[in-house]
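> Below are the features I grabbed from TrEMBL:
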type     : residues               : note
SIGNAL   : 1-24                   : signal peptide
DOMAIN   : 64-238                 : domain 'Peptidase M12A'
BINDING  : His147, His151, His157 : Zn(2+) binding site
ACT_SITE : Glu148                 : active site
Amino acid sequence: QGVHPCTVGMCGVWMLGTLVSSHGQKSYTIQTELVTPVPALLLQVCGGDGPTVVGDVAVSAQRNADPCTSRGCLWPKYSDGKVYMPYVIANHYSSLELSVIQRALESFSASICIRFNLLMGICAFLSNGQVVSLSRQGCIYHGTVQHELLHALGFNHEQTRSDCDNHILPSWHNFNRIQTKNLDTPYDYNSVMQYHRYAFSKNNQPTMVPIPNSNVEIGMATQMSANDILRVKRLYKC
């Protein structure tokens, strides 16, 4: 499927897709209680190469932004006040693994209005559904399943909240730098993809300043630059 072993996308609106394992029929020792905290475990399992952003959240290669932060992506609520999410589970989980997944699913209905309903024999109905991928090696824990299901419900990581700066101080020098595909072209202030220096500003002050020369104009392009064209040619080999 090309999906990282412990990832979840966030654009299924009507259906929860198959809970799948990316490790086939291999057998693993399953522990039902976590020793390692969920975020640390997700980084262990989901760190590395793959179509992921923010650790365990997968985004289609055709997208460059999280498409489901608006209310239009919420699962529908029925007249009884409940949110019903049909699902199917891949058939290669062991009975113990299934019990861990089931307990996590049931934990939502115990205290909130979410109800997960297992569907039988109508997989075609879920062909365009939401896929929650749970690796049999590292993801079958109560808290981890809950974490991934919260993504499917539309929640992002806590450290991405708009008020995170009031609660978390990033240590930028300790981060692994992710290499983007720059296609051996220089940074281009004249790219049609470059925003202007006041983009998203709340007070008419610059949100980004070019360096080392802060007076350079940025984000003023009215058409593709030579570098924009070159990048397309290199990406598509044309």
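Glycine too: its Cβ is placed from the backbone N, Cα and C atoms.
Annotations in TrEMBL come from automatic prediction, not curation.
Worth saying up front: this structure is predicted, and the values here are computed from it rather than measured.
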> Glu148 (active site) has how many other Cβ neighbours within 10 Å of its own Cβ?
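Result for Glu148 (active site): 23 neighbouring Cβ atoms inside 10 Å.
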> Among the binding-site residues His151, His157, point out the residue whose Cβ has the most other Cβ atoms within 10 Å, with all shown protein chains included in the count.
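By the 10 Å Cβ neighbour count, His151 comes out on top.
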> Helix, strand or coil at His157 (Zn(2+) binding site), per DSSP?
coil
> Just counting, how many other CB atoms are there within 10 A of the CB of His147 (Zn(2+) binding site)?
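Within a 10 Å radius of the Cβ of His147 (Zn(2+) binding site) lie 21 other Cβ atoms.
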> Rounded to the nearest angstrom, how far is the Cα of the residue listed as 'active site' from the Cα of His157 (Zn(2+) binding site)?
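His157 (Zn(2+) binding site) and the residue listed as 'active site' have their Cα atoms 10 Å apart.
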